[in-house]
Amino acid sequence: MLNLMKLELKRNKTRSYMLAAIVALPVVTGLTYLMAYAPQENPNDPSLSLFANYNNLVSMSIFISMAYFAILAAVMYARFVIEEYAGKRATLIFSYPVSRKRVLIAKFAVVSIFTFIAMVGCSFLSLGIFSATEMIAPMVNDKLTTGVLLWAVKDIIVMGVIAVSFGILATGIGFIKKSVPTTIVSAVVIVSVLSNLISGALTNDMFLLITMLIATAGALFVAGVLVGKVTHMEVE
């Protein structure tokens with residue numbers, strides 16, 4: 001399996017995805033500072049009170065990171081899976097002297113591991129930078145406690161799993177029509193729907209845990225269905 005994963009990394013150029021992951025750091029960090037500054041700019045706006053404490057601010061920052069990497073995961077899956085099994089490219093994949101199931105699982109593993117590590121790394125670095133500057137020149141009128149930081153660690157891991165799961169769910173939708181745009185748009189829609197559902201429950205541990213479990217179960221189901229389809233797929 002490890003050799004198949006290495007082969008996938010060689011066959012698919014990952015430099016652009018690594019660059020996208022690096023770009024996420026200044027994007028997420030910048031938005032975090034913007035959210036922290038917003039209540040100061042307009043203190044009378046009740047909608048901005050959401051960012052007036054570290055719990056909500058940190059949660060929103062992690063959510064933005066999750067959304068970014070869920071969409072990036074969909075883009076990667078579109079390249080690693082959708083394009084590979086569309087048309088004549090499938091002929092090359094099916095010519096491998098290994099089972100189709102193992103090849104597809106290797107693809108899922110490469111993208112999932114990359115997405116999780118990149119999302120977790122970006123979130124830790126972003127919040128690390130923000131926390132360091134808050135200790136020197138705080139923008140938020142709140143106390144940044146150890147409890148908030150420890151909760152953030154747990155939230156980052158949960159959101160990392162959700163990002164991976166959403167990418168797989170979007171791939172399942174895109175695979176129906178073998179469409180790259182459908183895969184990417186599906187990821188955007190899924191993230192948008194989730195943002196509306198949990199906008200007021202970002203600090204609710206139980207809600208986030210249930211969301212993660214449902215998303216993971218759905219992703220595993222979709223992955224299983226795709227493995228079955230690929231195993232019995234006829235080359236067009």
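Including glycine, each Cβ sits where the backbone N, Cα and C put it.
Features as listed in TrEMBL:
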- 16-38: transmembrane segment (TRANSMEM)
- 58-82: transmembrane segment (TRANSMEM)
- 103-129: transmembrane segment (TRANSMEM)
- 149-176: transmembrane segment (TRANSMEM)
- 183-202: transmembrane segment (TRANSMEM)
- 208-228: transmembrane segment (TRANSMEM)
Considering the transmembrane segment (208-228), which listed stretch of 16-38, 58-82, 103-129, 149-176 counts the most C-beta pairs under 8 Å: 149-176
Among 16-38, 103-129, 149-176, stretch most in contact with the transmembrane segment (58-82) (C-beta, under 8 angstroms): 149-176
Long-range environment of the transmembrane segment (16-38) - Cβ separation under 8 angstroms, sequence gap at least 6: 48, 51, 57, 60-61, 64-65, 68-69, 72, 75-76, 114, 118, 121-123, 125-127, 129-130, 139-140
Spatial neighbours of the transmembrane segment (149-176) far in sequence, C-beta under 8 Å, 6+ residues away: 55, 58-59, 62-63, 65-67, 69-70, 72-74, 76-78, 81-82, 85, 108, 111-112, 115-116, 119-120, 123-124, 127, 131, 182-184, 186-187, 190-191, 194, 203, 205, 208-209, 211-212, 215-216, 218-219, 222-223, 225-226, 229
